[in-house]
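**Student:** Sharing the features that TrEMBL gives for it:
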| type | residues | note |
| --- | --- | --- |
| ACT_SITE | Asp57 | active site, for OMPdecase activity |
| ACT_SITE | Lys59 | active site, proton donor |
| ACT_SITE | Lys59 | active site, for OMPdecase activity |
| ACT_SITE | Asp62 | active site, for OMPdecase activity |
| BINDING | Asp12, Lys31, 57-66, Ser114, 166-176, 189-190 | substrate binding site |
| DOMAIN | 6-205 | domain 'Orotidine 5'-phosphate decarboxylase' |
Amino acid sequence: MERRTGIIAALDTTNALNIAREIREYVDAFKVNYPLVLSEGISVVKELSSYGPVIADFKIADVPHISAMIAEIAFENGAKAVITHGFTGSDSVKAVLDVASRYNGEVYVVTELSSAGGQEFMTGVAERIVEMARNLGCHGLIAPATRPERIRKLRELAGNMQILSPGVGAQGGKAAEAIRAGADFVIVGRSIYEGNAVENARLLAEQLKEVI
Ligand code: NUP
């Protein structure tokens, strides 16, 4: 993913298209998740693509042939990247990567969720997930802005992979702190789209200029 502002907008809102059009100059990419795609249809990915690269956050976590089918649908509809889980093991992640390579697409692997529950099981295996993602040639990782010390640790093991970091604002994480800890991008949803999205995105971009 090419970095200009370091911000990826998570558009978990039915007003996604309007917001994307308004904030595109302040963000590097848009991220869509199930709430939007299940309510608006997969065509929203293509529609959003006209405003910038779209990351399909389907947190793919299935047996390899189904994981591949999900990735195929995302890329076929214009996604530039997909987010997959890593705890499924290497066969499923590899299946997603194989699809991505046919579309010149990117694959980002979840290490541990940014929520408190992410620590219950996932923190314990996150380092191994990073190692697997790196060995397979994945493009990057998803790591929690709510726990910058974990970003720092995972960054050490990540090699050339990029780190995208959700959990900023509404979940308590701080954007600049996540970048300083080693994230390449922050993923921000509610703190942008709730309230005045343009102003929120502009201020965040301004704030990040100092650390990017
Ligand atoms: O660990 C993760 N935490 C997280 O919040 C992995 C994610 N993919 N996300 C996603 O980032 C989440 O699904 C949502 O789309 C976005 C965060 O939204 P917000 O808390 O900034 O509103």
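Cβ from N, Cα, C; glycine included.
Mind mapping these onto the model and telling me what they sit next to?
**Tutor:** Asp57 (active site, for OMPdecase activity) carries a strand DSSP state (E or B).
Annotation for Lys59 (active site, proton donor): same-chain Cβ neighbours under 8 Å, separated by at least 6 residues, are Ile83, Thr84, His85, Val110.
DSSP classifies Asp62 (active site, for OMPdecase activity) as coil under the three-state reduction.
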**Student:** Roughly how many Å separate the Cα of Val63 (substrate binding site) from that of Asp57 (active site, for OMPdecase activity), to the nearest whole number?
**Tutor:** 17
**Student:** I'd like to verify something. Among the recorded positions Asp62, Val63, Gly173, Gly189, which ones have a C-beta closer than 6 angstroms to some atom of ligand 1?
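**Tutor:** List returned for ligand 1: Gly189.
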**Student:** By a 10 A CB contact count over all chains shown, which of the binding-site residues listed here is most packed: Gly169, Gly173, Gly189?
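**Tutor:** The residue with the most neighbouring Cβ atoms within 10 Å is Gly173.
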**Student:** Would you identify which of the recorded positions Asp12, Asp57, Asp62 has the most other C-beta atoms lying within 10 angstroms of its C-beta?
**Tutor:** Asp57
**Student:** What Cα-Cα separation, expressed in whole Å, is found between Ser114 (substrate binding site) and Asp57 (active site, for OMPdecase activity)?
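**Tutor:** Distance between the two Cα atoms comes out at 14 Å.
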